[in-house]
Amino acid sequence: MPSSNGPMTGTRDKLSNSPRERGMSPPQRAIQEYDEGQKVHLRIDPSVREGRFHPRFNGHTGEVTGKQGRAFKIKIIDGGKEKTLIARPAHLRAQE
């Protein structure tokens, strides 16, 4: 049987928490608000299924351009090309 080519292939390490971070993620992370123009780091929280972006962009840094429902629109540069991702706040971390 041929191997799958779905969007989650090769994510064993990307979508696994370290032992300290296992279990339920903090609820305040899921309701975090970000301002337009604020820089955020994209980091998938494996314990939250909804509002994820494609794992290819895990580890990127982008800029919040707006809101879409409960999620945020994030502008990133990928290979010299501007792209817009939509992700919920559970998968975003503010840049200090």
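In case you wondered, yes, glycine gets a Cβ from its N, Cα and C as well.
The annotation region 'Disordered' is assigned in Swiss-Prot to 1-37. Within its own chain, the region 'Disordered' (1-37) has Cβ neighbours under 8 Å at 44-48, 54-55, 58, 63-66, 72, 88-90, 92, 94, counting only residues six or more beyond its boundaries.
According to Swiss-Prot, the compositional bias 'Basic and acidic residues' annotation covers 11-23.
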Counts by DSSP class (helix H/G/I, strand E/B, coil) across the region 'Disordered' (1-37): 7 helix, 0 strand, 30 coil
